[in-house]
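For reference, the structure discussed in these notes is given below.
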Amino acid sequence: MRGGALLCGQVQDEIEQLSRESSHFSLSTGILPSLGARSNRRVKLRRFVVSPYDHKYRIWEAFLVVLVVYTAWVSPFEFGFLRKPRPPLSITDNIVNAFFAIDIIMTFFVGYLDKSTYLIVDDRKQIAFKYLRSWFLLDLVSTIPSEAAMRISSQSYGLFNMLRLWRLRRVGALFARLEKDRNFNYFWVRCAKLVCVTLFAVHCAACFYYLIAARNSNPAKTWIGANVANFLEESLWMRYVTSMYWSITTLTTVGYGDLHPVNTKEMIFDIFYMLFNLGLTAYLIGNMTNLVVHGTSRTRNFRDTIQAASNFAHRNHLPPRLQDQMLAHLCLKYRTDSEGLQQQETLDALPKAIRSSISHFLFYSLMDKVYLFRGVSNDLLFQLVSEMKAEYFPPKEDVILQNEAPTDFYILVNGTADLVDVDTGTESIVREVKAGDIIGEIGVLCYRPQLFTVRTKRLCQLLRMNRTTFLNIIQANVGDGTIIMNNLLQHLKEMNDPVMTNVLLEIENMLARGKMDLPLNLCFAAIREDDLLLHQLLKRGLDPNESDNNGRTPLHIAASKGTLNCVLLLLEYHADPNCRDAEGSVPLWEAMVEGHEKVVKVLLEHGSTIDAGDVGHFACTAAEQGNLKLLKEIVLHGGDVTRPRATGTSALHTAVCEENIEMVKYLLEQGADVNKQDMHGWTPRDLAEQQGHEDIKALFREKLHERRVHIETSSSVPILKTGIRFLGRFTSEPNIRPASREVSFRIRETRARRKTNNFDNSLFGILANQSVPKNGLATVDEGRTGNPVRVTISCAEKDDIAGKLVLLPGSFKELLELGSNKFGIVATKVMNKDNNAEIDDVDVIRDGDHLIFATDS
């Protein structure tokens, strides 16, 4: 086990290291795997072999580059101005050489990338062989100390120093990486590179100029000797500055004439130096020109585009208003590009998952408020957001033209626009649309020409959705398509506009004739209470027992709405009158709970029974609503109101919690058991005792006496003095909440995810069910952690016999404040009624305890 844990830790460390390496954005720091192959960076290298892309090794390389900069200055300087080593330069040189000697040794342990296979080679023999036949000799020679070179030849000191310039290759690799690194500005990196090249060229030329003069047999006949007599006796600093001065004037082609070549050697060197300057100047000018042109290319392209658009408009005699729209759109496009708002180009370069996440973050909250998508699932909304395209429109530009083909619809993100009617020959503004409104949806959904021209009033940002893409998504989400269509029709009905009224009638006729491209189902027709459309769809062969995501069939919906014609049509086409939805509801119950007596009668005539559904749930619902008439109607139609719902809660449990004595009497007459436990172990008698319902307790005692039923208690459960089993905290479930706070079981979440199967049948459901005790009872600890504690409180100084049932606060201070507020005293003590013991900590209070508040007096 320990070995496995160690191996797991090593793998985790390796993954973390690789993740850290992969966090760099430089294009040159990673290896692209071949097609179909995994990344080579996931391959663990052999022992003592370092990856060339290792983060620590990259830091070492950066440190060596700093030493290379020193070498680039000191090597030409020592070659030109010094004949033998001088401290402190000689000491510094040896320290630098020592670091590069360490790098030579380290290179034998650094893997390399095979250019043919693009794999990292970690075989140390192959690494050594490749290094020995490539750079090893030059690296070794460049690290020979100056003192050793002097022993070979007194004239070899400067030459050995020049061999160290071999290290400059590291600087070139560094600049190549920096140019691709997003953390550094490309323009300034290129400028820094050009400056370094120029300074190095000037420095080398100055050292060579002085070397030629210093080694001449006649110092007076040299470029520096002609102006400075006995220049060898001048300070080293003065000689270096003079050499740099002549080198820079020659490079810049200024040529003041104060310094010039005197002897033949100097003339020859000057010729080649000026030829080199021609190439260097061309290189510098070319690079700077490229950088400047790149920075102004957008402006140049914009001017060319504007000029081309203007020429096109004049050549084709376009009206002034259309010309203005063209130029305004091009100017806006240039502005968005120059300000970094070219979002579509940026999004198109990203993977779909990242695009979807960005769109969800930016636009989901906006689309969630659009009337057309009210009530659709999160799945559909997420898919639609991912396909939205953001666009900018300048003021007074036409977004949609009247009577054009419906190819797109738009959602206004910000700005305002006008709906313009131009059918009459004169333009008239119908209404104004603002941020959050949708435009063009009628044409897209109904596949008819656009009703109005949409013209922006000021700068607008819109989200565009293509019709084909939209319909493809809807085809895969038929239930949501029904909701969208219903939202559209409801919106048209609420507008109270003559034009929209005609559109509504036309759409309803198209629906009835089945000429809509959207996938329509029977549930949609039942929701619309449209028996003509329902009949049309049934004649097409649609299954009358089809269900939505919650298992509700068209017959459920029609019965709930009381649409008798729709119910008769569905039954005529053999719809199942006893079909159940996901909550156990049947059409007969839907009609009963809404009070549609005619529909109830028709369903009963066609064989519908209340027992086909979850009668226990129906009875509890009637008890929660306090509807005794509905409860009697369940019994009238053959339902057993004593049956519990899935949680074990019966209608009697609920009636006791609601303190509905009449309903309790009726349920007892129907044979309800006062000792029947729910899944938490609570019986109706326990609830009546704990909640202090004296009338109900008396009713239970009378009923128990009549039936002579004795309550059997388990010895494993502690007994309270009241004679009621201590079953832990009773959970106030939605099934037995007061009716004023209860939400009907038929109300569903508007943003619920689509149900695929029952949760209880999933792995998570199985595991969750295992945590519930088989006998439905919970220990004291479980009751305290899973549910709040309820206690009965009373005051010793008040005439309060029954007390009040409250939830136990979280602290003793809050408990004292609760007692003070409830009884109008300054409570300072809390005692347990059972043993008269004073309590000073809420942790010792159990569920069901009776607490007495008292003052110091």
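From the backbone N, Cα and C atoms, a Cβ is placed for every residue, glycine too.
Within the listed segments 135-155, 429-449, 492-512, 618-638, Swiss-Prot records transmembrane segment for the stretch 135-155. Relative to the membrane, Leu119 and Val600 are recorded by Swiss-Prot on the same side.
Per-residue pLDDT, averaged along the repeat 'ANK 3' (583-612), amounts to 90 for this model. Below 8 A, the CB atoms of the transmembrane segment (62-82) and the transmembrane segment (266-286) form no more than two pairs separated by six or more positions in the chain, fewer than 3 in all.
Across the repeat 'ANK 4' (614-643), DSSP classifies residues as 20 helix, 0 strand, 10 coil.
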